[in-house]
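Chemist: So that we are looking at the same thing, I have put the structure below in structure tokens.
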DNA sequence: CCGTAAAGCTAATAGCGTTAGCCAGCGTCG
DNA sequence: CGACGCTGGCTAACGCTATTAGCTTTACGG
């Protein structure tokens, strides 16, 4: 039997795309193994169980999201930057619901080096949006948390189908970003 | 063997408090049965499987949250109402993390009469907060979605331990509510 | 006081994650 | 060029989950 040529990276990537297709909770070791043309226990040669796999998907997602944010923010400032960041987050969550869902279940047990690094980069990018706004230094942490809550909440609700009318969602999102812009500017 | 005197309501309530104690994903049929002094299969006489149980926990949570919101908003308007609503949601999510988590995984398949009714009442209460603000009628849906996203996102992030410093969380929350007040007022 | 519907039980099935231990392919180094 | 060893695959097995089928016994209504 020829080797399948697996690799930790390949396994995690396959799990991530599988999660995007069928939903994170449905990413079972069996179907992942099937997808990779291998028997279930073989996965344990590359990944340390299901929890480890989920954590690695989250790291992958945060890394990708951080890159997307960095790209989106190139040369932008103020409302332009806010808008770009908001769109980047939302489209990532829509395009990769499984990966995005993996970032939610982190549970601050065992900080995990890579994971905090990846999320720090996301936070740095998001924090860069604030430089164009008149927020006092001691308030930046609050403003950052507001943006996180707002965008994350919208993404979670949209992914869960929590909004009744799917129509107007784009309009709502644009309105919300504008409102956030006003909140950050006028005080 | 004497009857345990179970009941659909009792089972769901026990599952909800169990979820608050050990986390929703750890609410297994076995431990729930143990908690109720009964064998696992007996639960199926009162509840239609795990998915049904989760849905009923969500209905319970939304009903309780709706009541808390209604109470909190009695006789309040404007920023006062906004503040009360925000606090009500946050403290419910903190006090009942398992119940609150159940409301997240709804997935808009099979709308389910009771569930839409319960969430409609929550939305109505939240919508009542907006009457004190100068938002155009066609913008109310956007403003409502903003508040939902903001509060829900904060609750999810707080529950997941997503914020680094637990200290200052109260300050951040107050700051965010004030910012939302400004966003809704000044345009 | 008896019969019946419901609420408990035991037994059994299928699927999950995970571990142990075996075997074969492949690279490395004598 | 050949043997050795690492590593990635395998099968077999265990314990846990949810769920269904079918039996028994409780409690209540006529």
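Count begins at 1; order follows the chain as displayed.
Using the three backbone atoms N, Cα and C, a Cβ is placed for every residue, glycine included.
Marked as domain 'HTH tetR-type' by TrEMBL: A:12-46. Taken from TrEMBL, the feature domain 'HTH-type transcriptional regulator MT1864/Rv1816-like C-terminal' covers A:83-179.
Quick one: how deep are these features, and who are their neighbours?
Modeler: Panel annotation: around the domain 'HTH tetR-type' (A:12-46), residues 4, 6, 53-54, 56-57, 60-61, 95-99, 101-102 of the same chain, lying at least six beyond its termini, place a Cβ under 8 Å from a Cβ of the stretch.
Across the range of the domain 'HTH-type transcriptional regulator MT1864/Rv1816-like C-terminal' (A:83-179), the DSSP-based residue counts are 73 helix, 0 strand, 24 coil.
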Chemist: What mean pLDDT score does the domain 'HTH tetR-type' (A:12-46) have in the model?
Modeler: 98
